[in-house]
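Engineer: Sharing a structure here in structure tokens format.
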Amino acid sequence: MIRIEPRPPVSGTVRLVLPLAAALAALALTAVPLLFAGAPVFTAYGLMLKGVAGSLFAFTETLTRATPLIFTGLAAAVAFRARLWNIGAEGQLYLGALACVWIGTGMIDAPALVLVPLVLLAGALAGAVGMIGPAWLRTRFGADEVVTTLLLNFIILIFVQMMLEGALKDPMGLGWPQSEPVLDAAMLPPLIDRMRLHWGFPLALVMAVLVHLLMSRTVWGFRIRAVGENAAAARHAGLPVTRVLLSVAALSGALAGLAGVSEVAGLKGYLTADLSPGFGYAGIVVAMLAGLSPLGVVVAAVYIAAVFVGADSMSRELGVSSYLADLTVALSLICVLLGGFFARYRIVRVPTVDAGQG
Amino acid sequence: MADILSILLSDSFWAAALRIATPLIFGVLGALLCERSGVLNLGIEGIFVAGAMTGWLAVWMGAPLWLGVLAAALAGAGFGLIHAILTVPLGLSQHVSGLGVTMLATSVAYFTYRTALPDVTSPPRITPFQPLDIPLLSDLPFVGPVLFQQTALTWLALGCVFLVWYVLNRMSLGVALRAVGDNPDAVDAQGLSVYGLRIGAVMAGSALMALGGAFLTMSAFDAFFFGMVNGRGWICIALVIFASWRPGKALLGALLFGAFDAFQVRLQTEVGAMVPGQVFLMAPYILSIIALVVAARGADYPRALLTPWFKGQR
Amino acid sequence: MSAPVLELSGLSKRFGAVQANADVDLSLGRGEVLALLGENGAGKTTLMNMLFGHYLPDAGHIRVDDGQGLRDLPLGHPQAALSAGIGMVHQHFTLAENLSALDNILLGVGSLLSRRKRGGAARAHVEDVMARSGLQVALDTRVSRLTVGERQRVEILKALVRNTRILVLDEPTAVLTPQEADSLFANLHQLAVDGLSVIFISHKLREVLAFSDRIAVLRHGRKVGEIATAEADERRIARLMVGAEAPQVERAPMDPGAPVLELSGIRCEAASARDRLSDVSLTVHAREIVGIAGVSGNGQAALAAVISGLRAPDAGEIRVGGALPARHTPAALIRAGVGRIPEDRHHDGVVGSMSVAENLILERLDGPDVQRRGFLRRRQIDAAAIAAVEEFDIRGPGPDAPVRLLSGGNMQKMILARVFRAAPKLILANQPTRGLDLGAAAEVGRRLVAACGDGAGVLLISEDLDELIALSDRILVMVDGRLTEAPRRDRTEIGLMMAGAAA
């Protein structure tokens, strides 16, 4: 017979090693679908590695991919800390992108010094609004935010399509549903010449540090943690639980909205309805891999980005479906969940003795 | 006004409502079984995808239709088992595990599809379930076209409503299931297995969810598309609250939803020119949110929902 | 003693560093009522959980009479214990509240694949058991609508319909009025005469002496004594239980000062009696301890919620230190000078995964010693935590360790530290010693008396009459949402009032 017993708290080292082990386990498990697809496994891993870090270009591509994931990962991490299940980062990302093209395609003409902060602010605001709604429905009516944010993702994406075929449609777009290009003054410039890596990446790093300081050093962060860990005790102690939840919602939505701005103004230059290949959902995996730590989010985002970039370039060479990346990401989430379990509990074999022999 | 009335009175409208409702009936029943036992299953969206792909693929590879249905159910039960192991004996977050299962099931389905059919451009078709044209009954006015020209899978869905109701309310097993979702200690104290009941409920519920997916590729359409599930699973999670975890009300909720959806599609042809088409595409999701907000206040959640239970710790 | 039906020998169980049971022997005769007595944490519940198969012993045997003599019971299998005729009534009821009493009683009887049993032979059998035992309940009522006493009857019936020959009850009277408890024991006695063997766990000397045939006392996991009840007396048992005379809190009456809490005409509407208050008026003065007695679920929770600020009353007025609080919220009442020791410390009192230092500042995040311009003042917070740990003797891994790792007594000391350091005018202590061992409980009592001496008023809500009588200046009894002042601090009289008899 098998029983589950709590384990004494594990050391900090173990907590750092666990997500790494989970990521490695997920990568190892990826061999199964590779074999299923009939691909040479070791060649495939080699090609993935080459695609991720084989050249300066490859590496900057990985960091470019990581940029939106840091934002959405932070969005998930702060919300989950307060036990607010924001599964709507995908939609909030699009809201941010929408606000960015709304303001940035000619509504206001100003120098970059004004316009860049303006589109960032607008995107953050739009994302925040997109999460305050579901949070309010939860605090006011008890409507589960998991379901509302998930459904909102669909609503927002359809809304974006509607805008791209209507009000925001580029008249020069040859009939494609896409927005006008963002003004040069509203663009986040590239970091390195002839590379796609842009200023969104350092901005994401700064946000990670700010969120880390917020959570660990400020009264606001203290309240968020207290409400998340034990809302009843927080209410009993006089913390404004509803207000804290709404403020976390705003923060989380704003971070996801920044992901959208960064993708549009840093990378694509205009908005299409396929701007995000699921950055919002992958952000959840990033946050869980990071153990909800804001600084950990950066590392986890680079890992998930590497999975996507590596699988992409490997699949181009070997003809294996690039859905492999999604599979690895899903496996990473499940592995890190299991890892978290083994950090807190251990499974003990209890011999099923009969009293006579025992 | 007269137009609206003529829509509501037409048999084709109600036939469409029932058709739209069918996958939701499977999905809500599946979610209901899981949640009655105390486990939220957010794997539903991915399990729909896996069911749709598996059923279709089996038939495409030459299996008879019903074998395809069975394959879909087994695939659903398999992903249900993963979710059940993570959340029941291991007691991990049901939210995160469910999302993980959705990601896993979706990507496994897509990857398998792409690997099985690397070079197709337009999705290959199968011969799906045909309407059961029951002699005499299908000639009845109104009732005939609405009820007796549906495919066998719709009948299976209606049968499952009765089956789930019967199990929950008329069998000892149902009493135990409802008990384990309210207070697992009560079940444990009587020497029944909390883990067994919950794992079983999640697997059975996931199999039902997968049937909802299979309906899409084997009855509503005849091929598998990426993104074809399109949030139906999440809608079921909202509807199960609206249905207060009762099979009869689940049927009612799914039918109401199907009726609204069929109605707005018909309305679109009437007023289509004035309103962008996307407004109608959004309608089902908005409707689900409204249903959730209305139902959430008085919702009588199973008491043990989301709470892990460990043997030997009380 | 008649022929034994149950023998435990050499049972031991260790949880981590704690030896919960060591080498316990116990036997039980047919038709015998055995009381298992001991302080909290003495190992009573662990022992019974081993008997029932919930825990696997590290060593020892259990032998049960199967009709042809004593046989070894396979350990660690609740199913085996059940089929050997052992039934257990847990302190926390194991009932599914969404099912009827009958469904609960018949849960797990027969195959899961059979039809649900609602009538016929199964129901007749349950009705027969009800008639024979005198334990009556409305079988078709949902358990959520039953009273605590009725729920307990359902629990016992659950065991009896399975032909239980050995019934174990874990603190069966903890939630009953003295009168309900008496009637429970009368039923149990009838059942014992018919051949049922009973073990009941308790720490109430009075009922142990009144209703058992034999008493076994556990201390620190070991059996320290066993006596026939006829030869026992309170002092002797108490000495066995605690190893010495029970520590008594010294309580000299003080001069009450100005009113610190005035409730007038407080009314709370609610569907269930536990959340209802009808026209409650009450005054607590400085340097006074006012006790609220009553069976749990009579409105104490609502009273505590109102004074904590968690719930605004539907009518009536509350004054703290003579002034109306600005708003009726926990934060406003804390600011007005109410310190709160919540009933359920794990649920309402602490954030388990946060550190002792962080929990100590939970109620005063706005304080200038805690934050400056929104940033936490780590150094001050840590220094204050170290001082509090010292002053209140909070033992554990240290101020940076999560509160979850503290024992119940030390967690309660942490809460006391938080409350007392804010120098409250009024202290609301709701079941402050529940779940604590005698030593920790005495410490809590001493601290409350000391705070009272420093000028605070204390409102003490407790189900433990002895504690109330020892600590309180005045006692009010709460029945069905109403408060009545007890004319004297007399056990029997208060017990009668608790049961709803006119004072």
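Yeah, the Cβs are placed from backbone N, Cα and C, and that goes for glycine too.
TrEMBL: automatically predicted annotations, no manual curation.
Marked as transmembrane segment by TrEMBL: B:12-32, B:39-59, B:65-88, B:95-113, B:147-168, B:199-218, B:224-243, B:250-267, B:279-296.
In terms of burial and nearby residues, how do these features look in this structure?
Structural biologist: Away from its own ends, the transmembrane segment (B:12-32) comes close to residues 41, 44, 47-48, 76, 142, 145-147, 149-150, 153-154, 157-158, 160-161, 164, 204-209, 211-213, 215-216, 219-220, 232-233, 235-237, 239-240, 243, 245-247, 250-251, 253-255, 257-259, 261-263, 265-266 of its chain (Cβ-Cβ under 8 Å, at least six residues beyond either end).
Under 8 Å from some Cβ of the transmembrane segment (B:39-59) lie the Cβ atoms of residues 23, 27, 30-31, 65, 67-69, 71-76, 79-80, 82-84, 87-88, 94-95, 97-106, 108-110, 112-113, 116, 126-127, 198, 201-202, 205-206, 209-214, 216-218, 223-224, 228-229, 231-234, 236-237, 305-306, all in the same chain and six or more residues away from its ends.
Here the transmembrane segment (B:147-168) has Cβ contacts under 8 Å with residues 15, 18-19, 22, 25-26, 29, 32-33, 36, 69, 128-134, 137-138, 140, 174, 177-178, 208, 211, 214-215, 218-219, 247-248, 250-251 of the same chain, all six or more residues outside its ends.
When Cβ-Cβ distances below 8 Å are used as the criterion, the transmembrane segment (B:224-243) is approached by residues 23-24, 27-28, 30-32, 35, 40, 42, 44-49, 52-53, 56-57, 102, 110, 113, 123, 209, 212-213, 216-217, 249-250, 252-254, 257, 284-285, 288-289, 291-292, 294-296, 299, 301 of the same chain, each at least six residues removed from its ends.
Tertiary neighbourhood of the transmembrane segment (B:250-267): same-chain residues 4, 7-8, 13-14, 16-22, 24-25, 28-29, 32, 158, 161, 235, 239-240, 242-243, 280, 283-284, 287-288, 291, selected by CB-CB distance under 8 Å and a gap of 6+ residues from either end.
Distant neighbours of the transmembrane segment (B:279-296): 231, 234-235, 238-239, 241-242, 244, 253, 257, 260-261, 264-265, 267-268; these residues of the same chain sit at least 6 beyond its ends, with a Cβ under 8 Å from one of its Cβ atoms.
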